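I have placed the structure first, in the form of structure tokens, so that the comments after it can refer back to it.
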């Protein structure tokens, strides 16, 4: 019974099995994946490129930064854009940032360019006979109650009045005198206190800064060329070397003032929350520590006095400008609010104590070195100040913020005595020096301290000592630029991406489509944090923004280059602008060349014939397109992109070969082309030519026949009559008696053929011939189609019967197999049951056997 039940349900199983097999086949076919090219994907890679600058310089101002920026920079964007990249993390390293090196080279170029047209002071490298200029102090009322006379009084020997001999071109030798600061002089003979020379005469070429040029820096923006972008980290507690979770993209940095200073960072950017401590390696005492403050500390610097400026001419267009002292000589100084400074040092000490794991932080003055390092050196309105900061860095703090050192009575402000140098060692390179001409009148500049540069005394932070001594440092201007560029990095945009899809390229006729120009460039990376599926929907917009950004930046660069052309001053920055322009065009053309080689010109999504290899990535489509960003996907397949590109190129070459062979057989590509109106017009023309040819031949032969008959005496114009000719023998009657003598159907013959009659006969015979042949051809075609249809139907019926037969055989085989299996299972089950029964009976009979054994034993 069970076998019969299985046989009855077999048909349902058979149907469900066939459906399952079909579904499996469909799924196996649907899993075929193909490489698809996407243009405009938000992907970038770290890169090094030539940056250009933008500024709002005014060319009519003589400030050196204005002149340099006017020649070198493009105007700033009046509406800068910053695009937040959601769900994007990026690694930054402020200590390995090529932007810092570029800015360092640019500031060197700024100073070199500002000194090129100025006077070289080589004629002054002579022996100077100098005497001290005695100065008197002013009273405390005029100087201010917070500063003592001793603090403002110029030390004896600080300023010297020197005389020397010069011989101008075309004139006799004459003696001149000039006033120099003691820091700018070197004593020649120790035994003679009056013989001096300028400090850099034996090592450097001294160039006097142009008298109408100042050194007040203006903000300069660094911008990336088209095809590149600048990533900005917006994490408020970013230490410079970690993974940033709040990333945005900008085309230019914020305005950076290239302030050249040591120990104290002036007029920079502030930390948004707490004070930030940054160092390449805090445990290495050779690495500087950069402190970014969260609040500014005002520093007010002044050079008092009624100094004047006088010129000493020693050649055509050459003059040395020296100081003319009028009245009292007073020392330059800077003042800082003591409360603000103590609060700043307290916060720095607490932060350093937690980072260095020290309980006591000691701030001490510089340990020695060049004046540029041992003092706070900076430029104030054209004069170079060297201020003693020992009063600033002279305290001890616990890591909880308590001050341990005995502070003197607070006067409200800290006064830093400053010295002024006119011969400056160029910080950027050796062998060069600059003479800063004196500035007349009182000089005052108000600046904001936004950071510190500190050095740690020798020893490792792992020492058992709980004390840590920190001193002011500096000298490497790269640290100044790092303090502003720490949150930026330059990346190269890679708009080409490949990913697997189910779409395969179809060979169809394509129309060329031009890619239009969009708006701005920065929106290109706006979809970087989106999944690949979401980002692929904006490829057109991103590709347009890429090209639009290139065009826009090229226009800006061209305007800057044109400005340099009419000034006839194509500087190093002008060359960089040309490089940026060429680089942007090359990047775009390179991408378009690859798209053209792959047969994807004018497309943002381009399918290919290349099957996706699971060894490249075995992720599922849903996982790729719904869970991954383009950046994550690019990192995963970065090792295989070269292989994929080669396969796409080879596939395109093979496709072009196939298309060429197909075009050679284009006329046979479709039977429907035979029935186009142009083809039928061609057929009609051929038919007319054939018919006309036949008629022409017939006419020629008729004329020849007529000529032949005329020669034989035949007249073609005589009237002839047509007589009926009998169809049978002449003795046969024309009718039949039973039929009432009805005449049979006969045909007439033409006794004499005329010219018109011959033409008519030929046309009639030709039409009849064509009709008969076409009718026969149609009948033959009908018979062939009928025969093929019948044979085809018979073949289909035969195949159907064969399929039914084999299906029935398979069905019978399956039923037989199931029957055999059921019988075998039943027999096996019976055997098992029987064995179990026997085993059970044996167990049940054990007591009986024991009893029988006892009975036999008793007998």
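Cβ coordinates come from backbone N, Cα and C, glycine included.
When the residues 294, 819 are compared with Swiss-Prot, the one annotated as N-linked glycosylation site is 294.
Of the candidate ranges 98-129, 130-161, 226-257, Swiss-Prot annotates residues 130-161 with the feature region 'V1'.
Within the list 165, 627, the entry that Swiss-Prot describes as N-linked glycosylation site is 627. Range annotated as region 'V5' by Swiss-Prot, chosen from 441-451, 463-473, 474-484, 485-495: 463-473. It is 387-418, from the ranges 387-418, 771-802, that Swiss-Prot records as region 'V4'.
Ranges compared are 721-744, 745-768, and Swiss-Prot records region 'Disordered' for 721-744. Cα to Cα, residue 246 (N-linked glycosylation site) and residue 394 (N-linked glycosylation site) are separated by 39 Å.
Panel annotation: around the region 'V5' (463-473), residues 262-264, 288-289, 352-353, 356, 358-367, 373, 376, 389, 392-393, 452-457 of the same chain, lying at least six beyond its termini, place a Cβ under 8 Å from a Cβ of the stretch.
Other C-beta atoms found within 10 angstroms of the C-beta of residue 388 (N-linked glycosylation site) number 17, with every protein chain shown included. According to DSSP, residue 767 (S-palmitoyl cysteine) is assigned to a helical segment. In this structure, the CA atom of residue 767 (S-palmitoyl cysteine) is 132 Å away from the CA atom of residue 161 (N-linked glycosylation site).
Among the glycosylation sites 87, 161, 388, 394, 613, the residue whose Cα lies closest in space to that of residue 639 (N-linked glycosylation site) is 613. Secondary structure counts, DSSP: the region 'V5' (463-473) has 0 helix, 6 strand, 5 coil. All protein chains shown were included, and the count of other CB atoms within 10 Å of the CB of residue 161 (N-linked glycosylation site) stands at 17.
If you take the Cα of residue 613 (N-linked glycosylation site) and the Cα of residue 388 (N-linked glycosylation site), they are about 69 angstrom apart, rounded to a whole number. Cβ neighbour count for residue 246 (N-linked glycosylation site) (all protein chains, 10 Å cutoff from its Cβ): 16.
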